[in-house]
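Each remark here refers to the structure printed beneath this line.
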Amino acid sequence: MTAVAPLALPTLPAAFQQSNVDYLAILPLLIVFGTALVGVLVEAFAARERRHAIQVTLAVVGLLAAAASISVAAKHQGLTMGLTDGSSNRQLFALAIDGPALFMQGTILLMGVLGVLTMAERFGGIGPDAFTPSGASTPGSATETAAARAGALTSEVFPLTMFAIFGMMLFPTTNDLIGMFVALEVLSLPLYILSGLARRRRLLSQEASLKYFLLGAFSSAFFLFGTALLYGYAGSVYFGDLSKAIAAGPLAMNGLLLPGAFLVFVGLLFKVGAVPFHAWTPDVYQGAPTPVTGFMAACTKAAAFGAILRLAYVGLDTGRWEWTNALVLVALLTMVVGAVLSVTQTDMKRLLAYSSIAHAGFILVGVLAFDRKAVGAVLFYLVAYGFSTIAAFAIVSLVRQNGAEATHLSQWAGLGKRYPVVAGAFAFLMLAFAGIPLTSGFVSKFGVFSAAVGTGGATGTVLAVVGVVCSAITVFVYARVIVLMFFSDAPDDAVEVVTPSVSTTFSIAIGTLVTLALGVLPSALLDLADRASQFVR
Amino acid sequence: MTAMSTVPWLTILGLIPLVGALVVAFVPGSAENAKRMAIGFSLVTLVVGIIAATQFDRASSKQFQLGEQHSWIPQFGVSYSLGVDGIALVLILMALVLTPVCLLAAWHDVPEEAGPRGGQRVKTYFALILVLETFMVGVFAATDVFLFYVFFEAMLIPVYFLIGRFGGPRRQYAAMKFLLFSLAGGLIMLVAVIALYLQGPGGTDGFLIERLTGLQMDPTTERLLFVGFFFAFAVKAPMVPFHTWLPDAATESSPATATLLVGVLDKVGTFGMIRFCLQLFPEASQWATPVVVALAVLSVIYGALLAIGQTDMMRLVSYTSVSHFGFIVLGIFAFTNVGHAGSTLYMVNHGFSTAALFLFAAMLVRRRGSKRIPDFGGWQRITPALAGIFLVAGLSGLALPGLSSFVSEFLVLVGSFPTQPVAAVIATAGIILAALYILLMYKKVMTGPKPEGLVGEREHERLDEPARRGLTAVRDLTTREKLVAAPLIAAFVVLGFLPNLALNVINPAVDQTLSHVQKAIPNLNPAGTVAEGSSK
């Protein structure tokens, strides 16, 4: 150990240097954050009966404006929020505004619009239907009843969602580990709260929230510890420095690098629900209000994979051979466990949760191909999966029995005969999840698997074969849902599909249409994803 | 390699039934009207198909004709590229003929339900069959491997719904089994499709068949790719031991679905073997020939033996198909011109004869209310015309000389004898077994004493009131059923006496395919030792 040459410690700049911020480059982030803050003020000052309408309009307009401003930010790509150290010529920038970051931001914003619209569903009530009017009260207590009677509503979910979206947009944009950690927390904390706010089956919801919070806190701690170890290794938290340090660093220091990289990955893989860090997924997906589940499944996954891509391709790329095998193992486990366990599920939301785990595994296969094309394929996959997922959960929230959501599979029997349109849309989304041609699911799976076979070498081929086998297993699951809906007879106490408002109808329609459009004519988005696949360093 | 066409015939052929499906499903009106429109659309498709076929130039040196090509997903190297050779053309025409026949036969398959939307179920059924027709055209016409794969997988979905929604009591099980078997095969093929592209020249049109033909590949890679493709086709075809889904699917689905499933869809398997396995992986195909031929012979004998043992009429017919597919595969892997031409003709003839067996048996089943053979007996005395066409269908199934299937079976055996003498000899035994299962079935169903309590309608009219008591009149063929039977029987006779109508179109395509194989394996003698001209 004594023979190790000391690494050059970063020298501090002699004088104070002002940080360079390109405000136009971070315009989308600023708009979303500003909207969230205004939302908090609306919560404080607007009259109760008008609050819902104001909040929904504000959120949707803010998200759309931010999405439009991405075209401005796209002209200002590069590193920003920081400075170039004059003495050592190091790039110390906190944010990387580049293709993948902007693509993910746009994806999250547009899916966020659909998410907000499904959350806004009121079914004729005064507040959002999915959320309890008094989240802090004990379920079944007098306080809860009083709150309901007084006409309380939970319109604060909209600013919370906006904060979560801000964190999600920041997540794949950050260029250093500390910033990534901050983004992780900003996106997670609102989601912990949102998960616990379900109007019905509140105990389950609160349990989900607590579980998500505790496990999320653990994973954040892992991430932070990994950051510390990597700082110890490289002397910097910036991805550029990290990459250079690994390229030049002595082998003997691997005692810091390996656990550091591993722990940081644990924090990120937790967010995408990769096995063995997936235990929270089914419980939280089931317990959280269904529109929140859909939003979370689509947007959190997109954001976290954006961050994983940046870490794997920019920060730790030079030390790839050190950690790839561990990630390959995770990908294999994720696909197999997600696919196999989804077979045994009897609850629709848990089934979709395990399906999302299996999909996380397929996306990881793309990540592990280490190629520019693979980045494009992963970006495409996240868009395709996200839109289908939001629509699927929105449909789940419509199927009801005695006012409460009927999520047990047996309750869905015969749905196709009584509600052919809704069941048809859901069946189509199931086919997309299964990866049947002419749906977006097929194109996205083809993209990641062909990237894996093309540039992933023998490992990639093995991953693709396992992925294909797991797809075949999941087909059984989705086909069983279709069998239930279309080929079985409805029970006597049949469920009903409540008629949704325009907003939910809109998100279901858009989600389904995007699924079809990306299956039939995917080349425009593939092209965009491909052009956006270059990371800035 | 592809002769482009100024008129997009093949796209039009695919679009008409698709538009028809939408019209049938969504235009309000009575179910009867929807049925008529469905038939109308399928007949228009047939007419357009015949016009397109007249544009086909047999003497052309290009492999594919009536071609169209547009960039579809350039990032993956995928083109929307269609074109047909003689093999694909005759198969498409067969599908176009069978669709209206099946629609007509399916007239009363789905009872109209009560209520304002009671006709919707009927409309869905007819619309799904039209959607299936679109995919059938697409899958045979695709000249891009990826596009072929898309059609290959996408066509499972309408069939899945046809079986699962409109089938018999165990339809859920049968539909699931069908989907899982087919998808398992298809997904393995997907990996091979991806890997094949990477072996090829790549680029924005790297999935075109013409770019992937004649690749220089490492033998191990080529063999693995061959296995990936062949597995999917063997499940589809279906060959023993991947055949177990077929009897369930065919028995539980409605007769029209079963006909299209066995008559057309399963042909995609054997068609794929010619188009992809042989053309793209010639060396690997030859490497695999011993195993494939053994499986083919096994299918011939085992399928026939199982057919003899069946008591369910539909199941019996589906096992005979397993046996027939064995013949087709044997002819393909004989690597001779005669064998190939025979196999292709066999695919067409088998489509018609299976359609006849399934649909005519269904007419019996509907009258008796049972599929079990022991429930019948003596029916030629009460329904003589039905018994007559049933016998013709059966004789076509056992390849009676004069009927079309004799020509193809003979060509397959003659074509495979030079290269696979042992297999050809064993397969010949399949003909004897075929006579056994067909004639035994006919005997049990049609001959024997008059069934108790049933009487033919003519006799029923002649009897006076006291004698009629306790007797149920059974109708002989209705006009609609005669219309179903006429084109099928006409096809047997016409192709039986004038097989050159089809063979003249098929032969140039066969020569093309085998010339690709010959380039890779120079010592192959596709003419075999058979005298030239026996197939001409």
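The backbone N, Cα and C atoms fix where each Cβ goes, and this holds for glycine too.
Curation plays no part in TrEMBL annotations; they are all automatic predictions.
Predicted, not measured: the structure shown is a model, and the values here were computed from it.
The domain 'NADH:quinone oxidoreductase/Mrp antiporter transmembrane' feature in TrEMBL is assigned to A:175-469.
The transmembrane segment feature in TrEMBL is assigned to A:23-46 (among others).
Under the heading transmembrane segment, TrEMBL lists A:53-72 (among others).
The transmembrane segment feature in TrEMBL is assigned to A:92-117 (among others).
The transmembrane segment annotation in TrEMBL covers A:177-198 (among others). Only residues 6 or more beyond the boundaries of the transmembrane segment (A:177-198), in the same chain, are considered here, and those with a CB under 8 A from a CB of the stretch are 94-95, 130-132, 135, 154, 157, 160-161, 163-168, 170-171, 204-206, 208-210, 212-213, 216, 220, 223-224, 227, 230-231, 237, 239, 242, 264, 267, 271, 284, 287-289, 292, 296, 300, 303, 307, 311, 315.
The transmembrane segment annotation in TrEMBL covers A:210-234 (among others). Long-range contacts of the transmembrane segment (A:210-234) within its own chain (CB-CB distance under 8 A, at least 6 residues past either end) are made by residues 7, 177-178, 180-181, 184-185, 188, 191-192, 195-196, 241-242, 245-246, 249, 253, 256-257, 259-268, 270-271, 277, 279-280, 283-284, 287.
As annotated by TrEMBL, transmembrane segment applies to A:246-270 (among others). Tertiary neighbourhood of the transmembrane segment (A:246-270): same-chain residues 1, 3-5, 7, 177, 184, 215-216, 219-220, 222-230, 232-234, 277, 280, 304, 307-308, 311, 316, 318-319, 322-323, 326-327, 330, selected by CB-CB distance under 8 Å and a gap of 6+ residues from either end.
Summarising the annotation, TrEMBL assigns transmembrane segment to A:326-345 (among others).
Per TrEMBL, transmembrane segment is recorded for A:351-370 (among others). Cβ atoms under 8 Å from those of the transmembrane segment (A:351-370) belong to residues 272-275, 278, 281-282, 284-286, 293, 297, 301, 305, 308-309, 312-313, 320, 324, 327-328, 330-339, 341-342, 345, 377-378, 381-382, 385, 389, 392-393, 396, 409, 433, 445, 447-449, 451-452, 454-456, 459-460, 463-464, 467, 470-471, 474, 477-478, 481 of the same chain, restricted to positions at least 6 beyond its ends.
Counting residues 6+ beyond its ends, the transmembrane segment (A:377-399) has Cβ neighbours under 8 Å at 100, 103-104, 107, 111, 114-115, 118, 121, 130, 290-291, 293-295, 297-299, 301-302, 305-306, 309, 348-349, 352, 356, 359, 362-363, 366-367, 369, 405-407, 411-412, 415, 422, 425-426, 429-430, 432-433, 440-441, 443-445, 447-448, 450-451, 495-498, 500, 504, 507-508, 510-512, 514-515, 518, 522, 525-526, 529, 532-533 in the same chain. Among the features that TrEMBL reports, transmembrane segment is placed at A:377-399 (among others).
Residues or ranges marked as transmembrane segment by TrEMBL: A:419-443 (among others).
Annotated transmembrane segment per TrEMBL: A:463-486 (among others), in sequence order. If you look at the transmembrane segment (A:463-486), the same-chain residues 6 or more away from its ends with a CB under 8 A from one of its CBs are 328, 331-332, 335-336, 338-340, 342-343, 345, 348, 351, 355, 358, 361-362, 365, 368, 409-410, 412-417, 423, 426-427, 430-431, 433-435, 445, 448-449, 452-453, 456.
Under the heading transmembrane segment, TrEMBL lists A:506-529 (among others).
Between the transmembrane segment (A:92-117) and the transmembrane segment (A:419-443) there are fewer than 3 Cβ pairs closer than 8 Å, counting only residues 6 or more apart in sequence, so the two stretches are not in contact. Beyond its flanks by at least six residues, the transmembrane segment (A:53-72) meets 24, 27-29, 31-32, 34-36, 38-39, 42-43, 46, 102, 105-106, 109-110, 112-113, 116-117, 120, 155, 158-159, 161-162, 165, 503 of its own chain at Cβ-Cβ distances under 8 Å. Long-range contacts of the transmembrane segment (A:419-443) within the same chain, counting only residues at least 6 positions beyond its ends with a Cβ under 8 Å from a Cβ of the stretch, are 355, 359, 380, 384-385, 387-388, 391-392, 395, 398-399, 471, 474-475, 478-479, 481-482, 485-486, 497, 508, 511-512, 514-520, 522, 526.
Through the fold, the transmembrane segment (A:23-46) approaches residues 54-55, 58-59, 61-63, 65-67, 69-70, 72-73, 75-78, 80-81, 95, 97, 102, 105, 109, 155-156, 158-159, 162-163, 165-166, 169-170, 173 of its own chain, all at least 6 residues removed from its boundaries and within a Cβ separation under 8 Å.
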